[in-house]
Structure formats: C-alpha cells, structure tokens
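Notes to accompany the following structure.
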Amino acid sequence: MSICELQVWIPDNEEVWQSAEITKSYRTGDRVLHLLLEDGTELNYPVDPAPLPPLRNPDILVGENDLTALSYLHEPAVLHNLKVRFVESKLIYTYSGIILVAMNPYKQLPIYGDAIIHAYSGQNMGDMDPHIFAVAEEAYKQMARNNRNQSVIVSGESGAGKTVSARYAMRYFATVSKSNSNVHVEDKVLASNPITEAVGNAKTTRNDNSSRFGKYTEISFDQRHQITGANMRTYLLEKSRVVFQSENERNYHIFYQLCASALQPEFKHLKLGHAEEFNYTRMGGNTVIEGVDDRADMMETQKTFTLLGLKEDFQMDVFKILAAILHLGNVQMTAVGDEKSSVSLEDKHLNIFCELLDLDNDKVAQWLCHRKIITTSETVIKPMTKLQALNARDALAKKIYSHLFDFIVERINKALHFSGKQHTFIGVLDIYGFETFDVNSFEQFCINYANEKLQQQFNLHVFKLEQEEYMKENIPWTLIDFYDNQPVIDLIEAKMGILELLDEECLLPQGTDENWLQKLYNNYINKNPFFQKPKMSNTSFIIQHFADKVEYKSEGFLEKNRDTVYEVLIDILRNSKFHLCANFFRDRPLPISPYRSTITVKSAKTVVKPPNKQFRTTVGSEFRSSLYLLMETLNATTPHYVRCIKPNDEKLPFEFDSKRVVQQLRACGVLETIRISAQSYPSRWTYIEFFSRYSILMTQHELSLSDKKKICKTVLQRLIKDPNQYQFGRTKIFFRAGQVAYLEKLRSDKLRQACIVIQKNIRSWHQRKKFLRIKQAAVTIQQYFRGQRAVRQAITATALKQAWAAIVIQKYCRGYIVRKLCQLIHVAAITIQAYVRGFLARKKFRKMLKEHKAVILQKYARAWLARRRFQNIRRFVLNIQLSYRVQRLQKKLEDQNKENHGLLERLTHLASTHANDLDTIQKLELELEKLATQKKTSEEKGKKYKEDTEQKLSKLEKQNAELQEQKTFLEQKLQEETKEMKGTIRKQIKVIKMLEKKFQNEKQDYEKETESLKGEIKTLKEEKIKLQGQIEEEHIIQDDLKLEVGQLKKQAKMIPELQKEIELLQTQKMDVEKQVQSQKREMREKVSEVAEQFIESYDVEAVRSRLSIEDLEHLNEDGELWFAYEGLKKATRVLESQFQSQKENYEKEIEGLNFKVEHLSQEIIHLQKLFREENDINDSIRLEVSRLTSENMMIPDFKQQISELQKQKMDLEQHLQEQAAKTKGKEPMNKLFVISRTLEEQTETHTKEEKQIVTIQEIQETNNHLKEQHEIENEVKSKIKQKAFHLTLENMVRNEII
C-alpha cells in the first residue's frame, strides 16, 4: 500500500506531537518509516514493533468549528486544531460534539456585548461560530420547546475561566428572558455573583480569582419562559484557606476588602487595620493583587447586597463576624510548661473578638486552652498544649466562617425567591475540575471524587446520545467499548471503601492518619488495580483516576474529615447575645432532592443519617450526600457541557502550551468523547451536503438521476469498495475514520486535473488574442502608409488651377442666391409689420374703452361696498355689545352657583364636624369611666395599705409591751438586741411615714387629675351645647332649603304647561308662515305689474324734453326714478330673505327649546346660542326698518312731482285755451293731436305713480304687522327663557343636594 506524500504525527518531547511528511513509500513489513520534519531534517521512524503514527488531516479540515468533523480523530489532530484556532485565528471556542471547549485568552475580548447576545438569540447551535452564548441558547431553546429542565455544566481546573463562563451563561439567560415586571429579577440573579465571589473566591498560584467551592445555580422560569427567581447550592468550601495560605496566595477576598475599608467611618467600630497586621491574611506574603482595588470591590459588594434587598444592619452583622475571625487569628497562646497553655485576659484581640460577638471573655479564654472530657462516671477538664490550643482556635475560626458562608448563601436564595410559580429551570454548575498538585490532601481527594462521578454521568450521556443518533438514522447499533470508571467510584464510596474506612477511623477516640492508611494498605494493595502504594513513601497512597494517577498525602485526612470544634466552645457561641452568631450553631434539617434520575448512576452506598448526636456526620459523608443530590438533579435534566482549558501557566494572552493543554484535555473527558465517536462513525454528512461537496466526482450518467439520495449511494459504491467503511441513514451518511480524507484526496486530484485543463485553454486563448491584436495593428499601419503614398502621387498644377476656378464660380453663385432670398424676406416682414401694428392699435383702443367703462362700474361698486362694509361694522359692534352683556349675565350665574356650592360644602363640613365631635364626646366619656375605675382601684389599694400599716403598728406595739415585760429579766443579756430592735422599729416607722406621704401625694395628684378631668368635661359639655345649637341652625337651614326645593319642584311641574305653550307657538308660527307666504306672493305679483307698466309707459327722454329746466334740476343724469325703482326691487328681495331667515330662526328656536326641556343640564349653552341668534335677527330687522324708512322718505318727492305735473297740466290747459282763442281754429289738427297725446301720457304716468304709492303704503302696513308679530314672539321667547332658566337652577340645586 503506497502512502507517499502523506503527513503523519509523531511524538515530541516539547510540543507533545510533531508533524512530518512521508518521503518514501511504506510497505507492509518495513521496520522504518522515512519522514521529513517541518524544519527540513530527515528522520527514520521505527514502526516495528511500534504501531504506525497517526495520519494528519487534510488542510481543508484544519480549523474546523467542531472537532468531530475531522476525518482522523485522535489526540494530535485535536491538539493541532485547537492551536490553529486559538493562536492563528484568535478563536477561543470550539465544539467537540456536545462539548464546548473554551480556551482562556487571558484578555478581554469584545464578543460578549448585548448585540452578540441578540445575534445568537433564536439561532441553531451549528449555524454560527462556537460560543458560550450558543450553548446557553441551545439550553434555553430546548427548555422552551420540550418543557424539560436543563443544566449547563462548566468545569475545568483553577484559572481556566469557569467562573467567567458561568457568569456569561447566566447573563445570557437574564438578557434573553427579561420580564416586563418592575421586580428586576434578572439584575438580582446577576448580582449574586459578586457576593459569592467575595466570600468564596481567593487568589491562588494559578488564578487571581479562583473559586474555592462548587456552585450549582438553578434559574427558575415561568410558563412564558421569563425568569422568576433563582436558587444556589454550594459544595465543599475550602475552609482550611481561612487559617492557612501557601506562598503567593491570599485568603478570601472579603477579608482584604474589609481591611482596605477599615478607615471608613462605618467600619471604625470593627477596629481593623491593614491586612498585614493579621495572621490570617499575611501568610501568603503578598496581600495585594496587581490591578485590583479592594476598596472599590468592597463598595461593589455593598451595592450588590443592597440590590438583593439585604439591608445595612444585616451587612454590618456579617462584617462583624468577619472582623471577629481576623481578631481571633491574632489571639496569642502562651505555653505554660510542656502540657499547658494559657491566654491572657488582657489580650487586645481577645477582648475585641468577645466584644464583637458579645461573648464572655473569661469563658472564651478558659476553653481556648482547655477541653472537657465526659465519661460515664465523671467529667474531666484537661488542659491543652500550645499546639492543640492553636488548632482549636483555627478550628473555631473555620467553623464560624463556614457557617457564615452557608448563611449568606441562604439569604441570597431567599432574596432570589419570588412569588411566581416555577415551570422549568436551567441549572448552571460551576465546579472544580480534576486537580493534581505536588501535595494532594483531603480537598483534592473530594474534588477528584466529584469529577469521577461527573465523568461517569458524562460518559453515559454521550453513549446515550450516540445510541439515539444511530436509532434515529436506522443504523445497526454495535456496542462501543468505552472507559467505565465505576470501579474507581466503588473504591471510594463502596462498602468498606476509602470514605467508609475514613469515617470509621474518625469515630475512634485514638484514631490516627497512620492507622487509617494501614487499613487501606491491608484492604487494597494487590487486591484492587486502581489502588497503589508509592515506592518511596509510607504516608501516601495512589489512586488511578480516569484522567491520571494522583498521589495523596494521608496527613490531615482525619482532622479535616472530622472538622471538630470542642462542644464547650460551640455552647459558648450558641449562648451568645449576638443573635446571628447564636443562630449559626442551631440544628438544621438536611435538604432533600425532589428529582428522580432518568439516567441511573449507581451509588455504591446509600446515605445513612446519624442515629445520635454523638455520631456526628463527617465532611466526607456530607459531601457524598450533597454529591448524590447533585447527580440526581443532573440526571433529571438535559446536560450541556462546557470544558474550560488553561492554555498556559504564565497567564499570557494567546500563548499555547501543548503539554498543559493535553493534560487538561485528557482530564476533562474531551479525548474520551472523541475516542467514543472515533470507534463508530465519527464523520456524518447529510445527503445534500455530500452532493454539493462531491458532485465533482460524479459522472454525467449519475448526475442525470433525479433522486440525490440514490446518486450519493451509487457514487460511494463506486468510489469506496469496502461497504463497512460507511453506512446510509435516513438523512445522513456515516463514515469511518479516514474516509472523508480519502474522498477529499480524490476531490483535490480531480480539481487539480480540471485546473490544468482550464489553465491550458486560458493560456492558448490569451496567446491567440495577443496574436490577433498584433495582426490588426500591422494591417492598420499598412493602410495608412498606402493612403499617404496615393495622395502624394495625385496632386499636380492643372488640378490646383481647376480647383481654384471652381471655388470662384461657387462664390458668386451663392452670393446672388442669398441676395434674392434677402429681398423676399424684407418685403414679407414689412407687410406683416403693417398688419400687426394696425391690429395692436385697434386692440389698444378697445382696451382703453373697456377700462373706461370698468372705472365707471368700479366707482359705483366701491360706493356700494363701502356702504355695505359700514353696515357690517355697525352690526358687528352691536353683536359685541350683546355678547358682553351675555357674559356678564353668565358671570352672575356662576357666582350664584359658587355661593350654592359653598353653602353645600359648609353643610357637609358642619355634618362631619358634628359627627367627629360626637365621637370625641363618646371617647371622653369612655376615658372618664376608665379614670373612675382607676380611682376606685387606687382608693381600695390605699385603704388596704392603711389597714396593713395599722396591723403592723399594733403588732409592733405588742412586741414593745412584751419586750418591756422581759426587760426586767433580760436587761444585761439583751441590751444590744433591744437596741437593734428599736433601730429596726424606727426604720420601719420611717418607712411607714414615707409610704403615708407618698400615698397622700398620689392622692393629691389623683384629685388634681379628677378636677382637671371635670373641667375638661365641663368644657366638652359647653362645646356640646354649642354644637347642638349649630346643629339646630343647620336643621333650620336644611328646612329652608327643603322649602326652596319644594318650590322648585312646583316650578318643575310647570314644564308640561310650557310645552303646551310651545305647541301653541308652533301653531301660531305655522299660521304666520302661511300669511307671510301669501303676502309674499301678492307683493311679487304687484311689483311685477308695476314694473311692467312703468317700463312700457315711461319714456325718460320724452319726459326730459317736456320738462322745464327747474324740473330737470331735480333729476340727475342717471335718473333717480330708475334708481328708486331698483331700490324697491332690492327691498322686496331683502324682505323675502328676511322672511326666510326669520322662518329658519323660528324653527331653530323651537327645536332649541324642545332640546332644553329634554336636556336641562345643557340649557345654558343653548340659551347663549339663542341670545346670539336673536341679536342677529334684531339687527336684521333694524336694518330693514331703516331701509324702509329711507324708502318712505322718497314718497314726498313723488308727491311733489305729481303736484308739479298737475300744475303743468293746468298751465298747459290755460295755454291751450289762450292759443285757441288767438288762433280760433286756424292751426292744424296735428298739433292738437300731439298735445292731447302728451296730456294722456302724463295722466297715465300720474295714475301709475298713484298705484305705486298705494303699493308702497301696503308694504309699510305689512311691515308694521310683521313688527308687531315679532314683538309678540320676543315676549313669548323671553317668558320661555325665564322659565327655562328657573328650571336649570332647580336642576343645579337638586344635583348639589344629591
């Protein structure tokens, strides 16, 4: 088999794996493989009996997002892919199947903003680049789609970035599922991180912010998939860090934050100083982290406390306990001999410790150096050595801090618990990864035990996913052999396992680490392959974990597992007056998990509760039970894995240490996942992806088929002869390792051949184009050269003369033609100008005539407009006056309404004060009764006291008498006793007098109080009488108001009568309208007749010729009679329009009145409208009257004209008589005929003028009649308005009373 030109991976001491190219074909049986390294050196790599080196993937697969997409799945391929992505592409996230591998860049990257969160929201996991947000989105999407709880498991060693990854995942959930409520649940969930980091994180040699505990945070969601709260569970806090830190390490951050803020006023009572002043904070040597401001972090911690609703009192209690731990670490133990120790009562730090926790100094000082041993027969107090006392002090400090840590987590959980019901949750597990150090103790043993359990759950989950994938694609399932770490778990937790032997040894009073280790050696050496004994040590043991062998030092295992604090010290703290400290040491129930396992993980030993207080639970058993609850929770959810990798130990950005990375990949299970995938079918392509990628390898006949699935099957059967190298699923094709690389090689060969053909054709086409371009250039050059030669041969002298003569002839011919054309144009232009100028002159003349006529028309029109404008202005002024008067009336109405409202408010206020006064009177009466009862009781007490004192005095007098009788017998012996008795009697008498004085003083005080109460009662009675008078006045006012309401009701009963009157008015209105219409018709007929007669009979020019000069002076040139006639016509039109407007106004008024009666609440607005309409009508009537009066002024002029015409007639008759007498019939008859004709015409005009005067008088009469009707209607309207106004007032009063 020829494998020349292939690349392989060979082991390397520095880079773990090194790439090399095969330079010579390898055949089966060869012992050496000829290789060429990347630096150019040749190498003969032995392959017999060693196996062949692993093959390198093609370049197209290098840098893949998913490691399982690599054709060759092995350790060097995974390591190289991660290095290319991390170092060259600066990409920190890579998928490895269901695992997200996260490399710590040790640098802030701009890939965690809100825009990135929204970009990943709603996307599928493989659609975008690998990211922690993609894993969080997948968990959130599966929770919303399947209504199933999810878990995001973040693991890795210290400094790999677990805490930051968990924080970004929680931030994604908080941003995507933000609720609309005002509770801000998301902010509180995120605010819990700074607090837990302050009390649970510390600086180590590997990480400046290392989490020294495990944390599982359940984020609860409701049915709308919005956050409703959270709950936190913690695992295995590193308590030993409180009292001991290695070099270049620090204690928990909160201690340094407190010391940095010691000078603040609110922390002065804690009596703290710099961190270097306390034993528990200066052991590591360096108390400062570069780039970290502990004082600013303290302010941030306080802010997050307040954001979670934990008040300043709670914060100060927490800070008190923390300061007390620091002062406890500075308490000095002095050795007294070899077996005793003591603590000075004047120790400054001891006094501060007891002051902060409110403890008894003497008891604390005593029991720090002594311990109580209780046996069946006696209790022994035994002193402790200095070392034992220091250990007891440190154990007490660890105990207090662990209880404080648990209490803070409990309060955070309470703050994050909200009233909403939990529908589903997403858990984020931030837990320590597999750890192996130079010295491994009890903490590393528990951490690695937890990782064994997590690895077992991970393996089973991956195995289950592989099985589900094959079943979904209908591929035959074959059992995959994967590493099962159940034997290691059994070694740790099974019956008679390491933990049980440790607990058993802890129960023994004389139990030691050496005895326990000897039991382990006896039980497991040469019996269990996963347990070994080191060759060079008798104090250690080795366990073969899934990741690596770890050697554990047995020293301190029992002490850390017991975590013992002497009962006397616990009792002292339990009896503390500081409630928070006392609550720490009360018994609490253990939590119970509500979940059941979906993937059963075998527990080698069930958790047994201790039957008695004497058998207290150890740290190992507590950790095992909490780990069991965690596994139940994880198995009841759908897990999503994030493995954090630390690329180098120097914390350099984007530096890749291959040895450290491989060590972590082996420890976190990534390579195990790849090995499981590689044993089956690691490469999986959908049919569409395979068709689009490898269609170049298909023939024309295969491409002609319509079914792409069938095409893919035929192509694979042709290309890969071994059918065991691939399987066809329903939607995917599954390949064995190396088959995708083989297909890629075929594809690259085909592409290389195609490229050669394309290059050949393109190069030939390019050369041909160049040849054709050169040929075309040569042809054009030849063409121009031959043209020039022909021109030179054609030019001669005769040809030049003939050309010049032709030019001269053309010049003269063209000049003649142009001159003829110019003359024709000139003549045509003159004729056109003549006609145009005549037309323009005539047009101008017509325009001047029109302008002259327009000026005359404008003169009369402007005069008419000016008169009309003046009338409008006068009408507008009247309207303004009327509106002003209406506004004044409205203001008066509003003032009256306000007065009514004030009266009503006064009534209500008086009623309320009356009720309050009644209440106060009742209260005072009750107080009087109470005082009376108290007085009775005090008097009874005084009587009893007097009786007791009198009885005592009588007894004393009797004793005096007895003493005087015995005085004769016992004078010498009992002189001292009699003196003492007298002294006691005197004292008692003084006491009795004092009591009598007190009784008298109290009696006087009670009498004074009774007198003051009597005075108050008198004043209250007077106030009561006054209030009764006020109430009577209010009753009178109410009676008056009731009378007014009755009157208003009576007036309201008048509404139907008003409606009847309105109906009568409507009937009258109908009658008036009919009369007006009939009169209008008659007037139109009369006016039309008068106008026709006037037009037919009246000849203005003839009249002018017959009139004298004096008569003509009365007439202007336009004719006043004609204008008078037109004025009459306009008057009739105005009257008609007025009648119509009056009719419309009457209808509107009647409708308004009906609406007022129906809706009394809106009456004022309608009244305003009616007032305005009436003003307009009155103005129009006034204008009409003024016009009619102006027209009536013309009647005397007409009368004068008629009288003058009569006079002229008489004069003419006289003149005719005189002429007749003179001529005596001599003149011709035609003159008489003309004179008679003129007289007849004059008489006809006189008769017409008389008729016109009659019609004018009739118009005046009808106008007067209409005025009278209008006045009647106005009176009726005013009455209706008054009644409507009264009704509105009645309604307002009713509303105010109600």
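Note that Cβ sites are derived from N, Cα and C of the backbone, with glycine treated the same way.
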Residues flagged as region 'Actin-binding' in TrEMBL, choosing from 121-143, 443-465, 627-649, 1087-1109: 627-649
Of the residue ranges 187-214, 271-298, 1139-1166, 1195-1222, the one that TrEMBL records as coiled coil: 1195-1222
Same-chain residues at least 6 beyond the ends of the region 'Actin-binding' (627-649) whose Cβ lies under 8 Å from its Cβ atoms: 82, 86, 96, 98-106, 132, 135, 138-139, 142, 146, 148-157, 159-162, 165, 169, 206, 216, 233, 235, 427, 429, 433, 449-450, 453-454, 457-458, 461, 591-593, 595-601, 603, 607, 655-657, 660-661, 664-665, 668-670
Distant-in-sequence Cβ neighbours of G159 (ATP binding site), under 8 Å, six or more positions away: N104, T204, R206, N207, S210, K646, K651
Residue distribution over DSSP helix, strand and coil in the region 'Actin-binding' (627-649): 9 helix, 8 strand, 6 coil
Number of Cβ atoms other than its own within 10 Å, given for E157 (ATP binding site): 23
Reported mean pLDDT - the region 'Actin-binding' (627-649): 89
Cβ atoms near S158 (ATP binding site) (within 10 Å, other residues, all chains): 17
Cβ neighbour count (within 10 Å, all chains shown) around G156 (ATP binding site): 26
ATP site shell beyond G156, E157, S158, G159, A160, G161, K162, T163, criterion: Cβ within 8 Å of Cβ centroid: N104, N207, S210, S211, G433, C644, K646
